[in-house]
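Features of the protein shown, as given by TrEMBL:
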| type | residues | note |
| --- | --- | --- |
| BINDING | T184, K185, S186, D187, G230, H231, S232, G233, V234, G235, K236, S237, T238 | GTP binding site |
| BINDING | C312, C316, H318, C323 | Zn(2+) binding site |
| COMPBIAS | 25-36 | compositional bias 'Basic residues' |
| DOMAIN | 135-288 | domain 'CP-type G' |
| DOMAIN | 144-286 | domain 'EngC GTPase' |
| REGION | 1-36 | region 'Disordered' |
Amino acid sequence: MEGERAYGSGPLRKREYDEDDVRVRPGKGSRPRTRIRPAHEDAVEGFVVAVDRGRYTTLVEPGRPKGSAQKRKQQQGHLVVAMKARELGRKGIVVGDRVALVGDVSGRPDALARVVRVEPRTSMLRRSADDTEDTDGIERPIVANAEQLVIVTALADPPPRPRMIDRILVAAFDADIDTLLCLTKSDLAPPDELVALYEPLGVAHVVVHKGSPLDELREHLTGRISVMVGHSGVGKSTLVNVLVPDANRAVSQVNAVTGRGRHTSTSAVALELPDGGWIIDTPGVRSFGLAHVSVETVLAAFPDLVEGTVNCPKGCTHLGDGCALDALVAEGSADPTRLESLRRLLSSREGTLDDDPQSP
Ligand SMILES: Nc1nc2c(ncn2[C@@H]2O[C@H](COP(=O)(O)OP(=O)(O)OP(=O)(O)O)[C@@H](O)[C@H]2O)c(=O)[nH]1
Ligand SMILES: [Zn+2]
């Protein structure tokens, strides 16, 4: 059963992500944390499609016959609302998490299940809390287990915001997930300039407009878990509605289950693609605080430049001033546009707010 799941068939796990590993909280009256939890053998597996005020909407699938050669079709599962079991403590649960559920998993109105376990994550997209929040420097998980971050940017109306794109790319490097630039509204402006800006970074791109075929985009999305981010007005809903013909119904179903109004999506929502795979739509992500991302993390995305930094002064920011990477480029051992891109991304981490001029 497991092997057929879009969300169970990702590439080999690179490392396991768990915010409990990142911030160690010396709990009150702390007992040593034990790795072995009660087995909960009767637990069923759920995929978290939405999170709202401590309620986790999860998709529970009926078991599929093992080794079924039948091509995977739209999920025939049902939605189950759950709360967190006390034993999970303060562990966060986010959209994209795979969880184990016990209790009433019928999905009937008013039924409430309990999440007793969060399965190890293959990735975790996060941001730092920004200045507007009083929780200085804390990392906020956004989405778990995503394999790809799709940055939706209009070529015009609203104009592209490269600084925001840079910041989202850094967040993706930090999360260790792939990136795809989806350039919309190509009927209004040509993509060349933006493409040239991101080509040195090796970021894949697709160009679309309303009514254009989406085959290429679908190829990137099918069978994978993708997070879609983009500012208001870039045409994200237009795209999602074509990719997921059922999107509106799915979202209102989720909202009905969580008790929200029909069309107010407040958190990320995972939507299943007809040919397999998931799109996680993130209306809430307007800024990416990057305070938690280190120079090394960004540098790791530039393997061609890493070696050149052995000659850098200790604590080098690689932004200039004695940075050995300048010499590397001068002697012709590195591509100047790559160094430029690295520096652009490094400086994009400065400040925690999305401070593009058109920022909402
Ligand atoms: N010219 C042009 N307009 C488009 C295209 N795609 C979408 N639009 C228009 O752009 C506007 C915004 O599109 P939406 O799909 O609602 O954008 P969104 O990113 O979902 O924005 P929010 O709903 O505010 O989050 C709408 O008026 C669309 O009709 C396109 O390819 N070309
Ligand atoms: Zn340096």
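Our numbering is plain: 1 for the first residue shown, then up by one each step along the chain.
Every residue gets a Cβ built from N, Cα and C, even glycine.
Automatic, uncurated: that is what TrEMBL annotation is.
Residues within less than 8 Å, Cβ to Cβ, of S186 (GTP binding site) and separated from it by at least 6 positions along the same chain comprise L155, V207, V208, H209, S212. The two recorded residues, K236 (GTP binding site) and H318 (Zn(2+) binding site), have Cα atoms 36 Å apart. In this structure, of the binding-site residues T184, S232, T238, the smallest number of CB atoms within 10 A of the CB marks S232.
Geometry remark: C316 (Zn(2+) binding site) versus G230 (GTP binding site), CA distance 33 Å. In the predicted model, the domain 'EngC GTPase' (144-286) shows an average pLDDT of 88. Distance from the CA of H318 (Zn(2+) binding site) to the CA of G230 (GTP binding site) is 29 Å.
Around the Cβ of C312 (Zn(2+) binding site), 17 further Cβ atoms fall within 10 Å across all displayed protein chains.
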